Amino acid sequence: VVFSHNLSYRHRRHQRLLAPSSPHCRHRAQPASSRFWMLGCALESREAVFAALSFSAASGSLLIINKLCIHAIPAPSFIATIQFAVCTLFCLFLRTSGLAAVDGFEREKVRPYIAYTGMFVCTIYCNMKALQNSNVETLIVFRACCPIVVSLLDYLFLGRELPSARSFASLLLLVAGATSYVLTDAQWKLSGLRAYGWVGAYFCILSVEMAYGKHIVGPHLGFTSPWGPTLYSNSLSLLPMAAIGLAASEAETVRTSQLSTGSVALLALSCVVGVAISFTGWYCRSLVTATCYTVLGVANKMVTVLANLLIWDKHASPVGLASLAVCIFAAASYQQAPPREAAGYARLPTTVARSPSPSEAKGPSRVRRAFPGEVK
């Protein structure tokens with residue numbers, strides 16, 4: 001993966017970053033028979049399939065590994081900080097060694113990633129706290145409801161149509177499945193709304209992060225490879241996550257914890273998978289729409305549930321698992337909406353205002369390429 005993105009990424013980026021359904025490249029759209037269908041989203045190339053499968057493998061395994069790490073080291077922000085640091089050091093190693101094209105820090109690129117970093121850190125921490133206070137199935141069901149909000153953000157900010165009748169029915173089925181699960185969950189009966197505080201915060205922040213993350217991975221920022229967003233998101237998240245850990249007195253928790261060889265091995269494994277999910281996440285995000293990316297993240301968690309049943313006794317009831325299956329099926333059957341034909345749409349906030357280059361200032365002959373999902 002490292003070498004495949006070294007010198008040829010720029011050439012492939014110009015060919016893939018225009019969405020095949022975009023009005024700027026309709027003549028390049030492939031026939032339906034030549035497309036790859038995965039989780040309700042039409043993937044236009046083998047590269048997109050490879051990115052989706054790689055992201056699914058990393059995403060499906062990291063939740064289980066993080067759960068094991070929290071059992072061994074009850075300090076979620078400490079674990080996340082170590083993962084961010086390892087990923088940052090790995091990106092810097094690739095940059096200094098020349099093994100991959102990794103963008104350096106530039107003001108125009110850093111500014112939008114600061115806003116994303118705030119959402120990213122909050123999402124990671126809420127995810128860790130949710131795993132600490134509830135079961136894995138609860139987190140997955142709330143994650144399964146994210147496409148509802150992301151599809152609306154796609155319509156409002158990323159130039160997509162509202163969901164079709166089939167997709168709207170899938171979203172309603174998502175809500176029904178999630179409601180059924182919550183009403184039958186033992187944690188709900190014991191603690192009520194307090195048991196879902198961290199999960200609810202995770203749901204809200206993640207939905208906005210999915211749409212904004214799609215915006216800042218576009219070619220208007222000029223990244224040479226997905227390693228650039230990987231470096232930015234992890235390095236900018238280090239200090240905020242460490243501050244959260246200090247505020248939560250996790251330093252004392254780590255100091256008093258008895259770290260065994262198994263605990264250190266789990267932490268090291270989580271760092272390796274953390275690098276993988278960070279890179280493959282940005283790689284996949286650049287190839288599909290925000291809603292399709294969200295649906296993909298939801299559907300690949302089913303293997304996590306199966307593994308959870310084999311590892312822990314703290315899991316949902318049979319009715320709750322059936323409700324979970326309904327949620328996953330509904331999320332997988334959602335189909336991304338086509339681009340709108342309207343003249344424009346509202347932009348997401350904190351968009352970077354770039355000064356025109358000398359060649360662009362001479363006349364309107366040079367037009368900026370649209371990023372995936374954008375409709376002018």
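Using the three backbone atoms N, Cα and C, a Cβ is placed for every residue, glycine included.
Unlike curated records, TrEMBL annotations are generated automatically.
Between the listed ranges 110-128, 319-337, TrEMBL ties the annotation transmembrane segment to 110-128. Between the listed ranges 232-251, 292-311, TrEMBL ties the annotation transmembrane segment to 232-251.
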